[in-house]
Amino acid sequence: MRTSQPGLAQTVLAPIVFGVAVILLWQGLVTGLAIKAFILPAPFAIGAEFAANLQNVANGMAVTGRNSLIGLVVGALLGIALAIVSALARLFDEMAAPVVAALSVVPIVALAPVLYTMFGAGAETARQLVAALAVFVPVYFNTLKGLRQVRPVHRDLMRAYAVTSWQATRAVTLPTALPFVFTGLRIASSLAVISALIAEYFGGPVGGLGKSITSAASSSNYGLAWAYVLGSIILGLAFYCAALIVEKLVTRNHTQHQ
Amino acid sequence: MSTSMTVDVPAVEVHGVTRIFAARKGQGVTALDDVSLTVAPGEFVSLIGPSGCGKSTLLRLVADLDVPTSGSIEVFGKPARQARIDQDYGIAFQQAGLLPWRTVAGNIELPLELHGVGKTARRARAAELIALVGLADFASHYPDQLSGGMQQRVAIARSLAESPSLLLMDEPFGALDEMTRERMQNELVRICAETQAAVVFVTHSIPEAVFLSNRVVVMSPRPGRIRSIVSVGLGEMSGRGEYLREDEGFFHALSHVRELLHGDEGTAAPAGARGVETR
């Protein structure tokens, strides 16, 4: 059905060439204009710091990654479960709507300091909760929307087959909702990393990427701070790509043509 | 299933059925007004009429997808609801309504799977039906890889999956182009001859109704009523072929149905009557 597939050269080579060009231009500007490291360090310096502190960056990624993953799983399960309840029970949906709307406008990381006092500054729980809350909102909304996409012809068909509502849910409602659930998860995957990382700025134990960035920057080690930033970009991308791959695998044939 | 039925139990018995759709304010819409109709086992009956005549509503009532305001509907001697629960009919809609995440074979197996038929029996039945509708090379394709006509053939195969003695079809070829449509009609005639099922077929195409049917039920709108029932008498299903479209009896029945459809407004304004759908 697709008109034309762009070739390998276009999809792989072009971004690489562009990326290399940007890095070279950046390096050239920093050295050429003698920009100070605290304003913008040169990419090669960041690279060197990254390589020299690989173990520390990897440790930071592990800590923040673990918090993000726990938050993602908990938030997603909660979002999907509550969306199913909302789809089944109109009353619950109406009760939950204002609460979820309120949740979606709260800058959730703003809850971090409050949560630290609730769970103690020595535990990672507050960060995981912040990530879970950030994940919950898009997963809930997208799943609920997906659960309401059943086409009338499919509903008629299920009634004609005289199946139980659970059978109809499994045969039609859930598969129809699946692409929407994954859209939510894809958005949520990067939100989980961002929220877990930013939550570190407000306190809690050291070791994560967020804390490492602030401590490196406050000790004027700008190259190292940027190396941790690079680490968080890689972590965010890893989460996003993992979600994307799972989505592509699961929803290969879910396109609703006709 | 049909073999156990005695000849005198009709496939469908509609008696004095009225369906009024409630409106938010005012009187509501009378989609069907005191309609009665009997369909014999193995008989092909078409419902034809302009939009708003209640032909689709009538079909949905027989399928128990909707409930009449008054009157009774029996399918093989049982209330429509029981017939639905017992899976006495197969159904096909204007939209193929295939599940896009299932292959052609998976879609045809769907009703069997939902009703607990074993895997091997399911496979065998699906293969049989795929051959019947001429899609043997496409069993493992997904619906979005098929043309509209092919999708509709899958939907028809699916409606036949449980060998129903009654097929309910709501404009199944309505969205197809003329060429595909005629080919599908020829195939349906062949399939009906093979399966011996009774068919209630909603259409707004006069040639389609006449070509396929033993009887054509002509309906009029607002409120939906049966204006007349035409026995086409073009012979047995098994004997119907492409040549029939050139037959004199075919043309005769065609103009008869057309006159009935255009009814009184036809005599009042013959020029305006030309505009009515005659696909």
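Residue 1 is the first one shown; counting continues down the chain.
Backbone N, Cα and C atoms are what each Cβ position is placed from, and that goes for glycine too.
Whatever TrEMBL says is automated annotation, not expert-curated.
Taken from TrEMBL, the feature domain 'ABC transmembrane type-1' covers A:57-243.
Taken from TrEMBL, the feature transmembrane segment covers A:12-35 (among others). Panel annotation: around the transmembrane segment (A:12-35), residues 41-44 of the same chain, lying at least six beyond its termini, place a Cβ under 8 Å from a Cβ of the stretch.
Look at TrEMBL and you will find A:69-92 (among others) tagged as transmembrane segment.
Annotated transmembrane segment per TrEMBL: A:99-119 (among others), in sequence order. Sequence-distant contacts of the transmembrane segment (A:99-119) (same chain, six or more residues past either end, CB-CB distance under 8 Å): 125-127, 129-130, 133-134, 136-137, 140-141, 195, 198-199, 201-204.
What TrEMBL records for A:125-141 (among others) is transmembrane segment.
According to TrEMBL, the feature transmembrane segment maps to A:180-203 (among others). Only residues 6 or more beyond the boundaries of the transmembrane segment (A:180-203), in the same chain, are considered here, and those with a CB under 8 A from a CB of the stretch are 64-65, 67-69, 71-72, 75-76, 79-80, 108-109, 112-113, 116, 121, 126-128, 130-131, 133-135, 138-143, 145-147, 149, 209-211, 214, 232, 235-236, 239-240, 242-244, 246-247, 250-251.
Positions annotated as transmembrane segment by TrEMBL: A:223-246 (among others).
When Cβ-Cβ distances below 8 Å are used as the criterion, the transmembrane segment (A:125-141) is approached by residues 67-68, 70-72, 74-76, 78-80, 82-83, 86, 100, 103-104, 108-109, 111-112, 115-116, 118-119, 181, 184-185, 187-188, 191-196, 199-200, 204, 208 of the same chain, each at least six residues removed from its ends.
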